[in-house]
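Feature annotation from TrEMBL assigns domain 'Histidine kinase/HSP90-like ATPase' to 30-153. For N45, D77, T98, K99, G108, Q109, Q110, G111, I112, G113, A114, A115, K437, the entry in TrEMBL reads ATP binding site. Per TrEMBL, the feature region 'Disordered' maps to 542-563.
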Amino acid sequence: MTADQLAKEFKEHSVAEFFKKNKQMLGLSGKIKTLTTIIHEYVSNSLDACEEAHVLPSLEIKIAELGEEYYEVTVTDNGPGLTKQTIGKALGQLLAGTKFHRMIQQRGQQGIGAAGATMFSLMTTGKAIQVISSGGDKGTFMAELTIDPKLNQPKIIKMEDVDRKFSGTAIKAKFKEIKYQRSEQGPFEYLRRTAIANPHAQITLVEPDGTKTTFPRTSKVLPTKPSEIKPHPKGITVDELLTLSHKASGHKINSFLKNDFDRMGDKAIEEIEKQVHFDLNKDPKKMSWEEAEEIVKAFQKITFIAPRLDGLRPIGEENIKKSLQEIVQPEFISVVERKPTVYKGGFSFQVEAAVAWGGNAGREMGKDDSGQAVRKVEIMRFANCVPLLFDSGGCALTKAVNSIEWKRYGIKDVDSAPLTVFLHICSVHIPYTGAGKQAVADEDEVMEELRLALMDTGRKIYRFVALQRREAEKQLKRKLFTKYAKEVAIGIHELTKKPTNDIERKLLDIVLQKLKIEEQQEAKDDLPEELSDEEIKKLEAKEKKEKDKKTKKSRLETVEGDE
């Protein structure tokens with residue numbers, strides 16, 4: 001084939017056509033996963049809209065079965081609604097929305113999800129979606145729309161005003177090639193976890209068989225709205241610095257740095273001026289790659305104030321405790337909230353971790369012979385208050401849990417422990433591994449914060465588990481001593497002819513005295529003090545060194561054996 005012939009085959013494609021052909025990249029693969037992903041996209045948009053409008057969210061999700069692998073999904077919220085001008089782009093155009101271009105913490109980031117659901121409805125049923133919305137001051141209207149994949153443009157089929165009192169948005173869409181199931185990765189579990197991470201929201205689910213479940217709000221306090229923030233200099237890359245400089249409104253590099261970056265003051269500018277070999281009064285649009293490299297290197301040498309707290313909105317220690325107590329009902333909860341920091345790209349993020357032990361913590365795997373529930377460890381992953389149910393193996397949150405030596409914290413077999421591990425990362429830009437937003441990339445800074453948070457919760461649960469184990473040992477000792485005291489009393493009675501009851505009572509007094517002495521000794525010994533982050537890091541480095549030494553020795557022995 002010649003170059004001219006190849007040129008005739010050269011065609012352009014829209015982003016909608018790309019995702020239509022690669023729908024699995026949007027999480028639309030597998031019948032159960034696809035339905036959960038659709039619910040996720042609609043629910044995330046509803047929660048974001050309610051919070052932006054300062055409204056406590058009340059959501060209803062109704063799933064009706066129309067035929068084999070054929071369902072109708074209706075999601076209704078009490079948010080601010082959409083306008084006639086924006087409804088098409090919001091629900092019928094990929095990469096269009098209010099989120100991608102803003103440095104603000106929200107559940108959605110790319111402007112893909114809801115429009116992706118519209119496209120999937122078209123692909124599997126050929127039908128448009130129906131929307132009712134209260135669009136501002138002009139009352140309520142109804143719209144039927146779909147998407148033109150070739151142009152990546154919305155197709156409005158019908159739009160008209162309706163005489164109906166309504167506040168919010170209701171989306172009704174039909175889908176085939178999906179399946180409803182009450183499984184660990186189904187819509188019910190997704191909404192259960194959404195309720196845990198969003199205690200201010202009330203969520204109602206109506207399942208295909210008519211079963212209605214309401215997850216009530218456990219907090220009537222609306223989370224503080226996060227502020228739109230600027231990138232922090234500590235994690236910025238050369239390419240990102242150049243991209244920002246070419247969009248700068250100022251005419252000098254020093255004013256560009258002060259205006260477009262978080263925590264960049266006069267003192268920091270003075271430090272940068274000392275370390276670079278060019279004039280910071282230069283036009284930022286004319287900055288070269290080499291000059292940008294110098295600035296980024298200078299950033300790494302300067303101590304900046306930590307990222308602003310108002311740009312991030314964690315769930316909060318008390319809210320996590322309330323939610324887990326309401327839904328998991330454990331015997332013990334340990335919650336840790338780390339301070340904000342940044343990862344590569346200058347994006348600030350914050351990690352929260354919780355460990356719940358006992359009660360209904362962990363996943364129920366069935367019943368044992370006595371009818372007791374058999375439970376295994378459950379890992380709950382969240383990003384910007386959104387549950388992550390899929391792709392757990394490739395997620396930084398799962399990797400962080402698996403990297404912890406849980407035996408150090410008194411949990412001998414973590415896989416079979418009645419344990420729920422809760423991990424949440426919030427950021428203005430979550431480093432997802434793909435457009436489906438189901439797994440977080442294992443950036444070094446993110447992994448370190450996750451591990452430190454988990455180790456902190458581990459130290460707290462260690463004290464509880466150790467005390468619980470001690471109490472169990474005491475009860476067992478008391479039971480054994482009481483049992484044998486009776487037998488010993490009978491033996492002494494035969495030798496001394498003294499009353500058996502008197503002998504048994506004296507023996508029990510001796511046993512109780514011994515147990516009391518042991519308790520006093522344990523109180524003196526107590527459990528070890530909690531280690532600081534630095535001490536933990538040193539301990540881990542030492543253990544790694546010893547492990548590497550053993551591995552090296554083992555390899556040498558293998559080589560010698562082969563010889």
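From the backbone N, Cα and C atoms, a Cβ is placed for every residue, glycine too.
The residues of the domain 'Histidine kinase/HSP90-like ATPase' (30-153), classed with DSSP into helix (H, G, I), strand (E, B) and coil, number 44 helix, 34 strand, 46 coil. Under 8 Å, Cβ to Cβ, and six or more positions away along its own chain, A114 (ATP binding site) finds E41, Y42, N45, A90, L91, I171. Model confidence over the domain 'Histidine kinase/HSP90-like ATPase' (30-153) stands at 85, taken as the mean pLDDT rounded to a whole number.
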